[in-house]
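These notes are about the structure you will find just below.
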Amino acid sequence: MPFKPEIYYEPDQKVWSGSYEAPYFSPDLSVGEITFWEMQRHPQLIAQISASENTTLTRGELFLNSQSIATYMRNLGMYQSDIVGIIARNTTHMSAVVYACLFNGIAFHPLNVNYMEQTIEKLFDITQPKLIFCDGDEYDKVKAATSKLDVKIITMRNHKEGSIKIEDIIATPIPADFAPYRLEQGNNQTLGILCSSGTTGVPKAVTNASAHKFFSTTKYLTTADVQYCHSTLDWVTGFTAVISSGVHSTLRIISAENFDPTLVLNLIEKYKITWLLIAPSHMAMLANSPDFEKIKIDSLKHLLYGGMCCSLDVQERIRKRLNKGVLQFAYGFSELGSTNCTLNKHYDEKPNSVGRILPGQKLKIVNENGEALEPNQTGEICINPCQYWPGYYRNPTESRMMRDRDGWFHTGDSGYVDNDGFLYISGRIKDMLKFQNIMYYPSDIEDVITQMPGVAEVCVFGIHSDENMEEAAASVVPKRGAKITAEDVVKFVKDHVSTNYLQLHAGALIVDDIKRQPNGKTSREATKKHFLENYRK
């Protein structure tokens, strides 16, 4: 295999451990200090191109803009204990806002632009930001949601009357002796506050310490690389793209447009993108695009995807258009403090695996009693990143539920590790369904339906039944031009699965799209709600 990270298995503990990895940067430097010093290199190189705003910034220009914004914050008298709120798309000056926060040692709390006013109010009530950067599109919503806070609001685009414009902020004079601040609490200090997926209730505010694990999975990047990640800053993937570009002097392509597969494919071809970080749901949209076979994507050297299960059929179709080793399935979650904890760079040998545990981290699979399991036994995935985690912001109860006293994160994801130490994801434990006391996963049926000709995407969920407990139902998106019916889907499953509990007893519904969370992940609950509102037996 071209990439097989060294790991160790402790049979007594049933724990898989990654190898030791020497720090890429000096451990006593903060992420802000590292970014500050690295951004001074190659000032004439193009740092960023906005495809949606038609703007270009050199590294020197981006560096100066970042210092101006940081100086503005200092002039306001902000402390390292203060919080900067963000609710904005990937626009021209968004990266500079992040770098400014890092230079000052001030944590930022980004929210998704699609959040409702009530959600914004609840989340910002937790972190109490002193300064908020938002798009003018959301200005009225943000202003109403923060009416009880003493906060300044700066708009990034489409400026509203009365708002402070980002262009005015980057005009702030920079002192000749400007330098990044040292962190008052060292590298255990909170770097950023992201949001959990929030599949039920209000998303939690996930703190991330100023550790260096952000660099461990991107240290191979060089000035020759061109990066694209559609995620905004409220997801760890979006933040990782910003940090890695600043540190490794890459060219970063951005767009403030909603995700569109044709747009992304055209960006790959036009800018010869080499590094693409994408959600599995967006992978499916790319593979099902009528332009997928027409547009050149051979510039890609790293196509990373993760965050949820991905259809093997989709992976196979994309793999056929890429060189060996380009398709890289990763596994991670917001609480890690890095993009991922496993990575599979050898898809051909281990298809559908998310790879081995990465250096400096540990992995185990446990049963419902918390007992560690042997290889090839399915249970809950637990990860120990072996680093400090500040917890959910002002939420110690939820923090203790997520990470135990021994440092293990209980992910709520189900999976198993094979004999070679490769992790496979089965699904979310809370998504597990029960038909006549037989447990099964929605993905068991989804994997069958995705093999059906004419199917682009599918979401399976359980419908309550007094007799059978939870009967499976499916919402199915057909490929463009395909003529399939709900009855065709039910029959296809019946013809290809012999077991009764994996049948679509609750039926199927043909839909235009699967309901999603703001980050593009499938929302099983919202899709189920739509099914119940529209399905007719």
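Including glycine, each Cβ sits where the backbone N, Cα and C put it.
Taken from TrEMBL as is:
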type	residues	note
DOMAIN	38-393	domain 'AMP-dependent synthetase/ligase'
DOMAIN	445-521	domain 'AMP-binding enzyme C-terminal'
REGION	518-537	region 'Disordered'
Task: Distant-in-sequence neighbours of the region 'Disordered' (518-537), which means Cβ under 8 A and at least six residues beyond its ends - done: 112-115, 197, 199-200, 230-231, 234-235, 259, 279, 281-282, 307-308, 431, 442, 459, 461-463, 473, 475, 507, 509, 511
Task: pLDDT averaged over every residue in the domain 'AMP-dependent synthetase/ligase' (38-393) - done: 93
Open item on the list: Quick check on the region 'Disordered' (518-537): DSSP residue counts for helix, strand, coil, in that order please.
Closed with: 11 helix, 1 strand, 8 coil
